[in-house]
Amino acid sequence: MSSILILLFSLFLFSSPSSSSRHHHHHNSGDTSPVNPSSSLAAQIRLACNATRYPDQCVSSLSEQGRVPPDPKPIQIIHSAISFSFQNLKTAQSKIKSIVDSSVGNLNRTNAANTCLQLLTYSEHRTQSTDQALTRGKIKDARAWMSAALVYQYDSWSALKYVNDTSQVGETMSFLDGLIHVTSNALSMMVSYDNFGDNVASWTYPATERDGFWEKTGPGLGLDPSTGLNLGFPSGLKEDVTVCKDGKCGYKTVQDAVNAAPEDNGMRKFVIKISEGVYEENVIVPFEKKNVVFIGDGMGKTVITGSLNAGMPGITTYNTATVGVVGDGFMARDLTFQNTAGPDAHQAVAFRSDSDFSLIENCEFLGNQDTLYAHGLRQFYKNCRIQGNVDFIFGNSAAVFQDCEILIAPRQINPEKGEKNAVTAQGRIDPSQSTGFVFLNCLINGTEEYMKLFKANPKVHKNFLGRPWKDYSRTVFIGCNLEALITPDGWLPWSGDFALKTLYYGESKNTGPGSDRSQRVSWSSQIPDEHVHVYSVANFIQADEWASMSA
């Protein structure tokens with residue numbers, strides 16, 4: 001296979017937006033043969049489907065005989081939409097398994113299909129959890145998990161994009177495109193149900209802050225220290241195992257300690273104490289390993305380091321992570337995650353997280369392009385230091401960064417020539433996803449080395465708060481200190497006018513020479529004071545329920 005194809009596959013996660021947000025063509029996912037339901041049932045289905053991005057497909061799928069019970073409650077309609085998504089997900093998995101079977105000898109296509117299978121397994125877990133959460137009345141959890149299911153389906157579609165060299169792959173991509181629409185519809189109905197309750201007639205087409213729509217929320221607990229909400233790393237944790245470089249304790253590698261953690265550990269935390277030292281390894285915390293905790297001896301003292309990058313044959317951005325976490329409830333404190341791939345070495349992730357209810361405190365993330373991959377679900381970073389240059393905080397999670405130091409580092413072999421750097425590249429693909437990046441009381445600055453370059457010739461060094469990786473990119477900075485290296489424009493387009501009408505980039509009560517909004521791009525926003533509380537740690541990621549220091 002050509003090296004060009006391998007490289008393209010390695011970059012699939014930075015592909016252009018999928019058909020989930022740009023295409024509106026016909027597809028064959030979940031085609032049904034509707035039987036005319038009663039007029040009252042049909043009216044209920046139509047009203048519910050009016051709250052979706054793909055209402056005709058929604059009506060067709062839910063009108064199938066027996067899909068929705070007679071005289072349904074709104075929550076039953078949503079359950080039916082989730083069930084239909086799950087049914088199509090299982091079909092998609094079968095189609096991709098067939099691609100694996102027919103791709104013997106084709107490394108690129110085999111790798112892409114296997115990546116799809118793994119991603120759709122995650123999507124399956126999250127879809128099942130969504131249905132269970134709705135039954136328990138946990139609507140915020142349901143929305144978070146269905147948002148993640150959609151992320152994995154989109155990434156599966158993207159994984160096939162660069163190996164679309166057979167009709168079988170093309171047909172499977174079309175089916176995945178339809179699956180994305182089906183899942184989007186279920187998620188959209190959840191958002192309306194959360195905001196407007198059982199009155200289906202009041203449910204609305206998906207809208208965002210950019211449209212002037214602000215969700216119903218509670219008080220802004222955790223928006224600033226004065227609220228008294230005591231969130232952070234729990235005290236008094238005792239280690240279950242210890243890792244040390246000399247091998248004189250329980251384990252010599254971090255991965256061996258992770259492997260020793262029990263699977264599906266309930267609510268009990270499994271604490272791994274990682275002694276001072278440099279651990280050269282790539283670590284995976286798999287889906288089955290929940291509530292794993294890393295505790296080091298301090299930033300720069302306990303260091304987990306790797307050097308994988310997306311320029312290597314067969315390596316995707318997702319798989320470059322020095323530490324990659326999928327198991328829920330992951331926590332870390334007092335250590336450094338590092339990827340040493342140089343600034344000319346493509347995407348190279350130091351830390352990637354798909355962990356829901358994840359809390360990282362007093363940790364350091366060092367890299368260049370794509371340092372921190374907050375891929376999906378709810379994450380809370382507190383008192384951390386994050387360093388990089390190109391899109392170095394990216395992904396499609398719901399992540400809050402509080403009291404963090406965000407540092408731009410020199411980017412290229414000849415950095416004195418100048419460059420454009422974006423701190424964030426948030427990747428929300430659907431307006432109903434409960435995802436986005438929130439920065440509270442953070443410092444945005446450069447490393448000492450970078451600031452020397454910047455001050456020597458500020459006109460050639462352009463630094464931005466973010467750029468839109470996907471259509472509905474959402475990032476806000478609240479109460480942050482923006483230093484002089486932030487350009488007056490503030491925000492950078494991705495390409496042309498892509499996403500500029502649908503993104504939401506907001507600022508509120510920032511300080512410092514880079515906070516002046518008088519020259520900001522017209523497609524960024526000042527967050528209305530009465531809506532700033534939407535982005536508190538309690539409202540945005542429900543951290544008051546899972547990140548208590550007394551937990």
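Positions of Cβ are set from backbone N, Cα and C atoms, glycine also.
Within Q338, Q347, the residue that Swiss-Prot lists together with T317, R467, W469 for binding substrate is Q347. Of the cysteines listed (C363, C384), Swiss-Prot assigns C384 as the disulfide partner of C404.
N108 (N-linked glycosylation site): 20 other CB atoms within 10 A of its CB, across all protein chains.
Considering only the recorded positions N164, T317, Q347, D391, N445, the residues lying within 10 A of D370 (active site, proton donor) on a C-alpha to C-alpha basis are T317, Q347, D391. Among the binding-site residues listed (T317, Q347, R467, W469), W469 has its Cα nearest to the Cα of N50 (N-linked glycosylation site). A sphere of 10 angstroms centred on the C-beta of N445 (N-linked glycosylation site) encloses 22 other C-beta atoms.
Counting every protein chain shown, 18 other Cβ atoms lie within 10 Å of the Cβ of N50 (N-linked glycosylation site).
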